[in-house]
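Asks: Pasting the relevant annotations from Swiss-Prot:
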- His106: active site (ACT_SITE)
- Tyr24, Gly25, Ser26, Gln27, Arg47, Ser51, Asp81, Glu82, Gln83, Gln84, Gly132: NADP(+) binding site (BINDING)
- Asp189, Glu193: Mg(2+) 1 binding site (BINDING)
- Asp189, Glu225, Glu229: Mg(2+) 2 binding site (BINDING)
- Ser250: substrate binding site (BINDING)
- 1-180: domain 'KARI N-terminal Rossmann' (DOMAIN)
- 181-326: domain 'KARI C-terminal knotted' (DOMAIN)
Amino acid sequence: MKTYYEQDANVGLLQGKTVAVIGYGSQGHAQAQNLRDSGVEVVVGVRPGKSFEVAKADGFEVMSVSEAVRTAQVVQMLLPDEQQAHVYKAEVEENLREGQMLLFSHGFNIHFGQINPPSYVDVAMVAPKSPGHLVRRVFQEGNGVPALVAVHQDATGTALHVALAYAKGVGCTRAGVIETTFQEETETDLFGEQAVLCGGVTALVKAGFETLTEGGYRPEIAYFECLHELKLIVDLMYEGGLTNMRHSISDTAEFGDYVTGSRIVTDETKKEMKRVLTEIQQGEFAKKWILENQAGRPTYNAMKKAEQNHQLEKVGEELREMMSWIHAPKELVKK
């Protein structure tokens, strides 16, 4: 595994160049501000709206996506996956010039062929492995978050060096930047989200909650045991792996972990995980998601509404009113 650090990157390669950050959401605001603090010239390309005003208030020169691409030598695409292909076709593609770099923080659109850059531009990825607010906060504290770097197309012969310069400007070489490929980053990211981090965990939490409530236990108690305490366990794993978590819990809980875990996540579960991975690798999920967006998201919207109306959510909303240390915004925001 090749990992790059501060001494392996030269942010000076971006001096005299302009970086266009396309999009000013979670990653956009963090990467743009970190780059600026590293002495890099940054412009923000967004359409008129809330993000336009926020970027302007943050002191950036804000312009249309087309103008930003024409202005910059490095173009970082930080729009949501489902918007990138359309914006690329409408405003980016015709404005690309020989020798420019097209950057991404997720490989979805390149790997699944939704964006096909011309052969005369570099195509690379710098993917911080943390949400935007953490990328920014840790940078301001003098540190950085780990990231992945990949080169899809090296038209100039310097693509990796420029990508590492960008990673250093964002602060990621302070922690370490691991070399990967667009394929590996995309497929593992989608699998992790679907099978473990989002799909797997939410299904497990709901199943546990429903098992307890159907067994006659009060929903409030079920919520505490199946969702609320999950953060305590995840934090222990996050800080020191499974061993640290097991060292920190009671022996009763640890024994229950050993004898029961494999009854919940069975060999059949793992077989299904492999089927999910195959669907991702073969592009079936990507096709499904692209078609879902083209159709106006009927399935997505219906499932989202049903999930939001689950008893677990209603009970949780009430119980969190008891928790003074939780400062959740009334309006949901992407971090």
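A Cβ is built for glycine as well, from the same backbone N, Cα and C atoms used for every other residue.
Could you place the listed features in the three-dimensional structure?
Replies: The 10 Å shell around the Cβ of His106 (active site) contains 21 further Cβ atoms across the protein chains shown.
Cβ environment of Asp81 (NADP(+) binding site): His106, Phe108, Asn109, Trp289 lie under 8 Å away, each six or more residues apart in the same chain. DSSP gives Asp81 (NADP(+) binding site) a helix state.
Under 8 Å, Cβ to Cβ, and six or more positions away along its own chain, Asp189 (Mg(2+) 1 binding site) finds His106, Gly107.
Of all Cβ atoms in the protein chains displayed, 14 besides its own lie within 10 Å of the Cβ of Glu225 (Mg(2+) 2 binding site).
For Ser250 (substrate binding site), the Cβ neighbour count at a 10 Å cut-off comes to 8, with all displayed protein chains included. A coil conformation is recorded for Ser250 (substrate binding site) in the three-state DSSP classification, outside any helix or strand.
Summed and averaged per residue, pLDDT over the domain 'KARI C-terminal knotted' (181-326) gives 97.
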Asks: CB neighbours of Gln83 (NADP(+) binding site) within 10 A?
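Replies: Its Cβ has 14 other Cβ atoms within 10 Å.
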Asks: Round to a whole number and give the Cα-to-Cα distance in Å for the pair Ser250 (substrate binding site) and Glu225 (Mg(2+) 2 binding site).
Replies: 15
Asks: What are the non-local neighbours of Tyr24 (NADP(+) binding site), defined as same-chain residues 6+ apart in sequence with CB under 8 A from its CB?
Replies: Ala32, Val44, Val46, Ser51, Phe52, Val54, Ala55, Leu78
Asks: Rounded to a whole angstrom, what is the C-alpha distance between Ser26 (NADP(+) binding site) and Glu193 (Mg(2+) 1 binding site)?
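Replies: Rounded to a whole number, the Cα-Cα distance is 18 Å.
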Asks: Looking only at Tyr24, Gly25, Ser26, Gln27, Arg47, Ser51, Asp81, Glu82, Gln83, Gln84, Gly132, which the record lists for NADP(+), tell me the maximum pairwise CA distance in angstrom.
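Replies: That value is 20 Å for the farthest Cα pair.
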